[in-house]
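TrEMBL lists 16 with the feature active site, for sulfotransferase activity. If you look up TrEMBL, you'll see 16, 17, 18, 19, 20, 99, 107, 207, 222, 223, 224, 225, 226 marked as 3'-phosphoadenylyl sulfate binding site. Marked as disulfide bond by TrEMBL: 208-217. Annotation comment: TrEMBL describes 7-244 as domain 'Sulfotransferase'.
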């Protein structure tokens with residue numbers, strides 16, 4: 001009685017915002033099934049040309065009462081993704097998880113840093129990438145990805161605000177349950193996720209998941225220590241994002257506790 005369904009909900013981003021944590025935590029819910037990998041259907045042309053049946057073939061089997069969710073953090077910053085998703089399903093519900101944009105930049109750098117170290121490639125200090133000729137390097141991809149207002153504008157051309165639920169990534173890490181209960185309500189699902197589904201792992205410094213009699217933490221690549229960043233550089237980043245954040249708050253009628 002199961003079949004593969006095109007997702008009724010997509011986690012569209014943002015990269016290093018907590019998309020994996022959100023997906024794994026939602027997977028606790030009996031009415032949710034999740035795609036195992038990032039599909040990159042709507043943001044990579046080479047995948048998009050394979051068509052909707054190829055996309056469906058990558059989804060898990062589900063029952064009629066279950067919602068299929070996939071997550072690809074690259075969608076949020078992709079110029080093509082909003083229109084392509086709208087063409088597939090104009091009434092789809094979207095989940096967007098965001099965190100303080102400066103923290104997100106540092107986390108983005110940290111992921112690339114460790115990937116380069118593991119591949120024995122040369123690495124640069126954070127400050128040497130972020131500052132060029134004494135000024136903030138606003139062309140740095142990690143900074144571009146944190147301009148939430150710029151990217152949100154593209155999504156709001158195709159979707160109404162009530163189709164996009166914003167999850168506070170900073171809160172999700174510190175206290176997951178209230179954020180997940182908001183998602184349950186947004187998706188019109190019965191309340192099934194409980195505080196007993198989480199326990200704080202002192203070693204990792206964040207919450208792990210307990211469900212179906214099993215305990216699991218996020219992959220070891222999550223929660224890696226961030227570099228200590230020069231305070232002057234931090235202030236430059238805070239200052240640069242301040243106006244973009246204010247514009248974003250106005251767009252979504254909601255404020256966040258960001259610098």
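Think of each number as a place in line: the chain as shown, counted from 1.
Glycine too: its Cβ is placed from the backbone N, Cα and C atoms.
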For residue 226 (3'-phosphoadenylyl sulfate binding site), the one of 16, 208, 217 that lies nearest, given that the recorded positions are compared by Cα:
16
Have a look at the recorded positions (16, 20) and report the one with the fewest Cβ neighbours inside 10 Å.
20
Entries of 107, 208, 224 which, being recorded positions, have CA atoms within 10 angstroms of the residue listed as 'active site, for sulfotransferase activity':
107
Hey, what's the Cβ neighbour count for residue 224 (3'-phosphoadenylyl sulfate binding site) at 10 Å?
11
Whose Cβ, among the recorded positions 217, 226, has more other Cβ atoms within 10 Å than any of the rest?
217
I'd like to know which of these recorded positions, 18, 107, 208, is least surrounded, judged by other CB atoms within 10 A.
208
